[in-house]
Amino acid sequence: MAAHQEKKSEERNHKSTQNNAQAPQVQWGRAWEVDWFSLASILFLLMFAPLIVYYFIMSCDQYQCFLTAPLVDLLTGKARLSDIWNKTPTLTYTAAGIYTVWVAFQVILYVFLPDFCHKFLPGYVGGVQEGAVTPAGAVNKYEINGLQAWIITHALWFANAYYFHYFSPTIIFDNWIPLLWCANILGYVVSTFAMIKGYFFPTNAKDCKFTGNFFYDYMMGIEFNPRIGKWFDFKLFFNGRPGIVAWTLINLSYAAKQQQLYGQVTNSMILVNVLQGIYVLDFFWNEAWYLKTIDICHDHFGWYLGWGDCVWLPYLYTLQGLYLVYHPVQLSTANATGILVLGLIGYYIFRTTNHQKDLFRRTNGNCKIWGKKPEYIECSYMSVDGTKYYSKLLTSGFWGWARHFNYTGDLMGSLAYCLTCGLEHILPYFYIVYMTVLLVHRCIRDEHRCLSKYGKDWKRYTAAVPYRLVPGLF
């Protein structure tokens, strides 16, 4: 589920280079009609996704991260649901204050502080940037300042930890479950407001979609780009902030708690902070590029993104660090080195593969990949108005190895995160299982759309690049 993973995976879909800038906008994120399977899936997520998050966090808080222990206790009669619930920390004024200040601070950094990083960081693209053309023909402008917000936030965090001492660096861990209730409140409030806004005062009425099914519209969203004022864009803010800015702070709080409890920070905790920190920084460094991805170009804003970014992302993507607070792991030098290498290679594949695609698209194929002129399949497709358009599908570089080789790099990095925790518990491995299921499903769904779009040209492409993720295997 969830926002950030949706973003993380969708942004890496193998999109083609279009020769005509006026190519039609394909609605990837929404349907006009809802079939029974989609409705059943949505009802399942709406009912059980919040419970899944609670179960994981509660398992650590009450059962030392033994994921099956609560179920065993319930099935054997050793505990009742009411017993577990009564032991769960409740919402507190302290947590509410922390969360309110946090979100308000990120709003201030997003809306009121123009980017200055692009003025002195070579290669970084920030400041005011244009997004893609919306289905209604609008072109939204965005203030790209995520990297700046991340830097300012973390500079203040370290200044407090080492100089001011206004609050403990363990503050996030110490209030983790009360903050969960705050995050849920914001997620539901934002999602509900987005739906009401779509019905009664949309930013652009022509960019709204209604299926007539309340649950689908609530889950997947009605408005394409809900905004307040000129600059506050719901989709960009909640996809990138506050959840992703918080990701590295959460890991730092886990490390501080480990130091407090055991007198040291283990090398496994350091690896989690470093590897996941690289991913977060990569996201913000490429935030302008993110405007051209499927998240922003095609997805609507609903509970899936609103709640997912507020709750699912910060609580389930940080399970490795949480686990290491309860079960500190000191890896051998060989194991730590191997995990670090695996994570860095995965990141290199992920970033290089995306760079090759982006370079090929920006230059319309007039570039070099691995020192050679790129190879590609020329395709054509018809728009709904009968206009014919042409595209090119890259078949060289990493894109010649597999049709979604960027996913492969992503999975390697995800596995590295999990391996830092050793092999004693299954809880920290939720991330790699979730990512594998999600990305394999994305492969199949993406290719089904491409086959419908390109027809026989897509078959020529799959003949040229026969594997999806792993050359020679799948």
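Yeah, the Cβs are placed from backbone N, Cα and C, and that goes for glycine too.
Annotation source TrEMBL lists region 'Disordered' at 1-22.
Residues or ranges marked as compositional bias 'Basic and acidic residues' by TrEMBL: 1-14.
According to TrEMBL, the transmembrane segment annotation covers 36-57 (among others). Residues of the same chain lying 6 or more positions beyond the ends of the transmembrane segment (36-57) and with a Cβ under 8 Å from any Cβ of it are 1-2, 67, 70, 88, 176-177, 180, 184, 213, 215-216, 218-220, 303-304, 307, 311-312, 315-316, 319, 322, 427, 430.
The annotation transmembrane segment is assigned in TrEMBL to 90-113 (among others).
The transmembrane segment annotation in TrEMBL covers 147-164 (among others). With a threshold of 8 Å between CB atoms, the same-chain residues lying at least 6 positions outside the transmembrane segment (147-164) that come near it are 105-106, 109-110, 113, 115-117, 121, 124, 126, 241, 245, 248-249, 252, 256, 280-281, 284-285, 287.
Residues annotated as transmembrane segment in TrEMBL: 176-196 (among others).
Per TrEMBL, the feature transmembrane segment maps to 301-319 (among others). Away from its own ends, the transmembrane segment (301-319) comes close to residues 1-6, 45-46, 49-50, 52-53, 56-57, 180, 183-184, 186-188, 190-191, 194-195, 217-226, 234-235, 238-239, 242-244, 246-247, 250-251, 254, 276, 427-428, 430-431, 434 of its chain (Cβ-Cβ under 8 Å, at least six residues beyond either end).
Here TrEMBL flags 331-350 (among others) as transmembrane segment. When Cβ-Cβ distances below 8 Å are used as the criterion, the transmembrane segment (331-350) is approached by residues 12, 266-268, 271, 274-275, 278-279, 282, 398, 405-406, 408-417, 419-420, 422 of the same chain, each at least six residues removed from its ends.
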